[in-house]
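Participant: Sharing a structure below in structure tokens format, with a few things to ask.
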Amino acid sequence: MKMRAGYSIFLLILSLTVCNAGKLSNTFYKNTCPQVEKIVREIIQIHTRNNPSLGAQLIRMQFHDCFVRGCDASVLLDTVSNSKAEKEAIPNQSLGGFDVIDDIKAAIERVCPKVVSCADILALAARDAISSPFKKSMWSVQLGRRDGRVSLATEISGNLPSPFSNFTSLVQLFKGKGLNVNDLVVLSGAHTLGDSRCGAFSRRLYNFTSKGDADPSLDPTYAKILRKKCPNPASPAITVEMDPGSSLSFDNHYYDILLQKKGLFVSDAALLTDKNSNKIVTRLQRSRSLFFTAFAKSMKKMAAIGVLTGNAGEIRQNCRVV
């Protein structure tokens, strides 16, 4: 009897697991909200005309979401009571584009109420904001994610890569998310877009080893230019292009500056400290089409990290609240 009872419990647990299981699909909303991709694309096109840096903002937001609790839109939730949400953590305080996600969600709710998750909206919006200048989708987005109910600022530390990270710590972090060295190098290519506050790299300019010196892995001439733009101490009001001269263009120019020793962060320069990683950088630098193909594959992997599907999570009607 005990064996049968135990076996019954096992079957119950198994059945619950199967109920919560689910797969992402390119046709997930085919019957429930076939207009979803068109709605997202049209709203993104409007916003990118007024904000050319939206692609950088949304791809960064998606990255920060997926690396904490998986791709469950937890980064979109507002703080409740005394429990600070992810967006309140220091690395997320510079995120932008929340208003765009709100606009898209409101438009979709009018057409398909309680159907499309905020997590799926973020994945589509990031893709479309990058794709807008190309007049075509740069990668396919599989759908079917559900939204998480928890967002804690305390969970940011240790889950997001730091601009001060060395190669070993970057590889370990990405491996913990199911991503490999190739994904690390390829996804770092998103640094071709956007800018950074001086504080994220000022130590490389003024006090790299606590002796008032500069990072020897940074091109000296470029370091001099950066010191003129970013006086010491660093001002949070000053920002610098991560990919000088190409910060509004999604391309493989990031790998050019890496090989010129002009990567802005310690984590950028770290990609040249490993033989295998260095080879990948060189390969991507030589071919824009290869970078685009590789980026599409790595984005598909990243966008599937820890997704909630089936009966897990929920479908939020407002992306800021559970």
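Each Cβ is built from the backbone N, Cα and C atoms, and glycine gets one as well.
Annotations in TrEMBL come from automatic prediction, not curation.
Checked TrEMBL, it gives:
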- Asp65, Val68, Gly70, Asp72, Ser74, Glu86: Ca(2+) 1 binding site (BINDING)
- Pro161: substrate binding site (BINDING)
- His191: heme b binding site (BINDING)
- Cys33-Cys112: disulfide bond (DISULFID)
- Cys66-Cys71: disulfide bond (DISULFID)
- Cys118-Cys319: disulfide bond (DISULFID)
- Cys198-Cys230: disulfide bond (DISULFID)
- 23-322: domain 'Plant heme peroxidase family profile' (DOMAIN)
- 1-21: signal peptide (SIGNAL)
- Arg60: site 'Transition state stabilizer' (SITE)
Participant: Is any of the disulfide-bonded residues Cys71, Cys198, Cys230 within 10 Å of Asp65 (Ca(2+) 1 binding site) (Cα-Cα), and if so, which, in sequence order?
Facilitator: Cys71
Participant: In sequence order, which same-chain residues at least six apart have a C-beta under 8 angstroms from Cys118 (disulfide bond)?
Facilitator: Ala73, Leu76, Ile101, Lys105, Asp147, Arg316, Cys319
Participant: If I take every residue in the domain 'Plant heme peroxidase family profile' (23-322) and average their pLDDT values, what number comes out?
Facilitator: 97
Participant: Starting from the Cβ centroid of Asp65, Val68, Gly70, Asp72, Ser74, Glu86, the recorded Ca(2+) 1 site, name every other residue in that chain with its Cβ within 8 Å, sequence order please.
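Facilitator: Neighbours within 8 Å of the Cβ centroid, excluding Asp65, Val68, Gly70, Asp72, Ser74, Glu86: His64, Cys66, Phe67, Arg69, Cys71, Ala73, Val75, Gly148, Ser151, Gly306.
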Participant: Which residue, out of the recorded positions Arg60, His191, shows the minimum number of other Cβ atoms inside 10 Å of its Cβ in this structure?
Facilitator: Arg60
Participant: Checking the contact step here: among the binding-site residues Val68, Gly70, Asp72, Ser74, Glu86, His191, which have a Cα within 10 Å of the Cα of Cys33 (disulfide bond)?
Facilitator: none
Participant: Just counting, how many other CB atoms are there within 10 A of the CB of Cys319 (disulfide bond)?
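Facilitator: Here the count is 22.
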Participant: Can you check which residues sit near Val68 (Ca(2+) 1 binding site), meaning Cβ under 8 Å from its Cβ, same chain, 6 or more apart in sequence, and list them in order?
Facilitator: Ser74, Val75, Glu86, Glu155, Ile156, Asn159, Leu160
Participant: Can you give me the Cα-Cα distance between the residue listed as 'heme b binding site' and Arg60 (site 'Transition state stabilizer') in Å, rounded to a whole number?
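Facilitator: Cα-Cα distance, the residue listed as 'heme b binding site' to Arg60 (site 'Transition state stabilizer'): 9 Å.
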Participant: At a 10 Å cut-off from the C-beta of Cys198 (disulfide bond), count the other C-beta atoms across all protein chains.
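Facilitator: There are 22 such Cβ atoms around Cys198 (disulfide bond).
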Participant: Measuring Cα to Cα, how many angstrom lie between Cys198 (disulfide bond) and the residue listed as 'substrate binding site'?
Facilitator: 17
Participant: By the count of other Cβ atoms within 10 Å, pick out the sparsest of the binding-site residues Asp65, Asp72, Glu86.
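Facilitator: Relative to the other binding-site residues in Asp65, Asp72, Glu86, Glu86 has the fewest Cβ atoms within 10 Å.
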